[in-house]
Amino acid sequence: MNWLAGFFGDPAHWSGPDGIPVRLLEHLEFSAGAFLVAALIAVPLGLLIGHTGRGALLVVVAANAARALPTLGLLVLVVLLAGVGTVLPVLIPLIVLAVPPILVNTYEGVRGVDADLRDAAYGMGLRGRQVLFQTLTPVALPLILLGLRLAAIQVVSTATVAAFVGLGGLGRFIIDGLATKTYADVVGGAVLVAALALAVQLGFVLLDRVAVSPGVRQVR
Amino acid sequence: MITFEDVTKRYRDGTVAVADLSLEVPTGAITVFVGPSGCGKTTSLRMINRMIDATSGRITLDGQDVREIDPPTLRRGIGYVIQQAGLFPHRKIVDNVATVPYLLGWSKRKARARAMDLLELVGLDPGLAGRYPFQLSGGQQQRVGVARALAADPPVLLMDEPFSAVDPIVRASLQDELLRLQSELRKTIVFVTHDIDEAVKLGDTVAVMRVGGRLAQMAGPATLLTEPADDFVREFLGRDRGIRRLSFISAKEVRLRPAPSDLATDEDGRPLGWRTANGLAAYGTFTPETDSLRAALDAALLSANGTAVAVDEEGRVRGVAGRDAIDELLAEYAPPASGGSGEGSSGDGSSEEAPA
Ligand SMILES: Nc1ncnc2c1ncn2[C@@H]1O[C@H](COP(=O)(O)OP(=O)(O)OP(=O)(O)O)[C@@H](O)[C@H]1O
Ligand SMILES: [Mg+2]
């Protein structure tokens, strides 16, 4: 507790280029950037594969790769290839981390839509694209949002690795704290990351309320 | 009118679901496709709206080959009702019903107004309009399915076992509702079922199919019951064909005589029972205007003295009919002498095959 009071109570931690606001903003920038790119790749891909049934193998590969891939190892590899100091080495591992949960859940969501419902949609005279966007997507939305939420939380937690390659973000408190044995900073940084993950979780719960039709929401 | 001309459907795995099917579905009437499971009813139905394309042959809708019409356009002009209703779970009931009007580009206001009218037409409380499908019972969902199929007022309605997932009581009321609707709307309806009783109740024409999608017999229900074409049809029709056929003869023509004094009535003229030495005995009633000969016979069998009591819509006695009066009408509607169904209802048809 003393550590927390020491970290959050110190006015020096609330201003300047290595203060909490700036680090938080940096952290959000990496995370949001990686998350958006991943979502832009994985959601359309998941929808398309789920709708057409073609390319399902890709989803299986992605799902397995996700479990096997060491994020830190990938980070080091990309740094070696791209060099230190740019933001790319951080974004790439985070994107690679975020794509599988979004892709798999979007695909499963669309695939899992009742065959009778799909049939009825075509039977009413909807065209392929209308079936996808007016029937499959809204019905699969809870799972799509679940995938996005898992990805967002992983990205926010893992973005701390940016500090390893000399970039900013909340990881700085942890890395630098460890280096200088300033444990208050380590704990403070970790708490901030956890809080951010919680905020993301909360954000998605709210999004779920707004975006998912009451007719398909699981809990009733 | 819908016509099938030598239509064959062979699935990719080689299964021939429908073979050389030729038939005509008359405009403004209910045609039922009935037959055992797997005989190709669904396949035949779905070739009409091109959910399945025929391998060979032609299906025409008012003279036009359905293959010349782009499937979504074709389907928007044909109502389609399936067994599990298939309602869109994320849409409110009103928007489910308005699906095709929306697709046709109607304004939201007009489409919703139309949807509300249809909910009423199919006998649903308009208060359900704002609910989601999961909040409705199975029977209510089926009604919504029918309303949705009718929304853009298509001349043709395809129904694939629409009532088979609900309990018998709900099913009977949905069937009655369909007949009432049809008497107003006069749509061209193709109705698929494996339930022969449903087929006979609903169909103006019944097409009995055998496995392999071959037409065994196509006829009106009364003809089907009296003159089944072969053993397969006879067996499929099941027991009690003779009695069931009476459902298609109106009781209007039953000769009534004035009620005798031993029929006790209340002050409004409603029957109370037959007076006997031991008090009032059981009686059965029928309404000549709306009931069938089967109901009249049933009423006679339920009466202690074998005399059926005829009542008007309000339940007031109009007269009575003894077995003699019912017999008279039965004789008039006896099956034709050459009908080839002289054997008992157990359906032993072997004697017919004997050479003359
Ligand atoms: N997609 C398909 N691929 C291969 N065979 C099929 C396919 N769909 C149906 N069949 C076969 O075609 C035949 C006719 O099927 P269909 O669904 O038309 O029967 P049905 O009369 O509607 O039966 P039920 O009363 O059980 O619904 C069956 O033998 C069935 O196994
Ligand atoms: Mg079927």
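From the backbone N, Cα and C atoms, a Cβ is placed for every residue, glycine too.
Copied from TrEMBL, the annotated features are:
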type: DOMAIN; residues: A:24-204; note: domain 'ABC transmembrane type-1'
type: TRANSMEM; residues: A:30-50; note: transmembrane segment
type: TRANSMEM; residues: A:71-99; note: transmembrane segment
type: TRANSMEM; residues: A:131-148; note: transmembrane segment
type: TRANSMEM; residues: A:155-175; note: transmembrane segment
type: TRANSMEM; residues: A:187-207; note: transmembrane segment
Which residues, given as numbers and ranges, are at least 6 beyond the ends of the transmembrane segment (A:155-175) yet have a Cβ under 8 Å from it?
7, 18, 22-24, 26-27, 30-31, 34-35, 38, 71-72, 75, 79, 84-85, 87, 89-90, 93-94, 97-98, 185-186, 188-190, 192-193, 196-197, 200
Same chain, outside the transmembrane segment (A:187-207) by at least 6, Cβ under 8 Å from its Cβ: which residues?
3-4, 7-8, 13, 20, 23-24, 27-28, 145, 148-149, 152-153, 156-157, 160, 170-174, 177
Which residues of the chain, 6 or more past the ends of the transmembrane segment (A:131-148), have a CB below 8 A from one of its CBs?
39, 42-43, 46-47, 50-51, 101-106, 108-110, 112-113, 117-118, 121-122, 204, 207-208, 211-213, 216-218
